[in-house]
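**Student:** The following block contains the structure, expressed as structure tokens.
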């Protein structure tokens, strides 16, 4: 068996490809079930964010398992395989392990060190557990990744002052118009990203902010987090009139199709000399045809790279500190994985000794007579179990701790020969 990851990210694919392969949480269950149904995939988990889609799998045949995942991606994205392969990356075993730990630590993010990805990794693990598509290997790997992500944030300074997608979007707007305090701003969406947008806009002095959202309850919840700011709340039926009256519009919704198009914008009268649309959603909320309108400037997540780059150089030394720490976590996972080849032998030996214990206990109790056996069986049972456990404990600890692969293999072979054990090789 092997661990593989097949995916694409902001580093390998533009937003127009990423949005085709984005899997919303509502469709994760069916995607996981579909993947688990392939003959060479034993465990599977999916990370799907605006900047990456990565499928982690335990495969019984590496080449065939990778082909199955690639075929799945081509099908859901309706992208020909020969086109899709240009944008995909595939990593195996230790490289796949290291990659997930780097993702969890924010080292693979568009915004180096950003913290939101750790929560997304946790959610990936939770969903895979919920839908029963991970078992021993991926469960341990994701737990190791979450530990690594937490350690990087507590033991290094990489998360300090990190920009986020939301803050980068506000910085982009600020760079284009300089004075945000005088601008009318609309935010379409009322989720976490929208809340962060409001926070960063307030820091830039913005006061005229409107929230447009399908659910008024969620919009009101967001507004309650900013009691000193008179946020204006609108439903989707007022979206276009609110957009037309704004100078800058941020979009951050879970819509799978564009909600702002050239056609919709031409149907309203734009009051500003120039309307700036900044779309931080994947799939995109703003259609590319809006750029054909003279009054409109449109940007998406890929346009944030220049803003982020200015923040990156000062963080590279911090990233090197984090990488050293991550190597410790990679090694910890590798040691655990290598120790799995001892499990079948240990289980087989324990089972054989337990059979002997039960047989000898039954003989002893029959000799002691019914009355004595009934009165003292529990004590005798506990004593014999204790003897077995104490005899096995030290050899088992030493066997698991043996880091030299060849030395451990010789120990296992000796045990199998001396005790006449028939052992499969489930994890080797």
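Don't overthink the numbers, they just go from 1 along the chain as shown.
Cβ atoms here come from the backbone N, Cα and C positions, even for glycine.
Here's the feature list from Swiss-Prot:
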ACT_SITE  50  active site, nucleophile
BINDING   49, 50, 51, 52, 109, 114, 115, 116, 120  substrate binding site
BINDING   189, 190, 191, 192, 193, 194  NADP(+) binding site
SITE      99  site 'Important for activity'
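I'd like these features described in context: how deep, what's nearby, how far apart.
**Tutor:** When secondary structure is read from DSSP and collapsed to three states, residue 50 (active site, nucleophile) falls in the coil class. The Cβ of residue 50 (active site, nucleophile) has 18, 22, 165, 280, 281, 282, 301 as same-chain neighbours under 8 Å, each 6 or more residues away in sequence.
Sequence-distant contacts (6 or more apart, same chain, Cβ under 8 Å) of residue 190 (NADP(+) binding site) comprise 211, 213, 215, 218, 219, 221, 222. Residue 190 (NADP(+) binding site) carries neither a helix nor a strand DSSP state and counts as coil.
Counting every protein chain shown, the Cβ of residue 99 (site 'Important for activity') has 20 other Cβ atoms within 10 Å. According to DSSP, residue 99 (site 'Important for activity') sits within a helical segment.
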**Student:** Give me the count of other Cβ atoms within 10 A of the Cβ belonging to residue 120 (substrate binding site).
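**Tutor:** So the number of other Cβ atoms within 10 Å of residue 120 (substrate binding site) is 16.
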**Student:** Would you mind reading off the Cα separation of residue 115 (substrate binding site) from residue 192 (NADP(+) binding site), to the nearest angstrom?
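**Tutor:** For residue 115 (substrate binding site) versus residue 192 (NADP(+) binding site), the Cα atoms are 13 Å apart.
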**Student:** Would you identify the secondary structure of residue 120 (substrate binding site) according to DSSP, in three states?
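**Tutor:** Note: residue 120 (substrate binding site) is helical by DSSP.
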**Student:** Where the distance is taken from Cα to Cα, which of the binding-site residues 49, 51, 109 turns out closest to residue 191 (NADP(+) binding site)?
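**Tutor:** Comparing Cα positions, the candidate nearest residue 191 (NADP(+) binding site) turns out to be 49.
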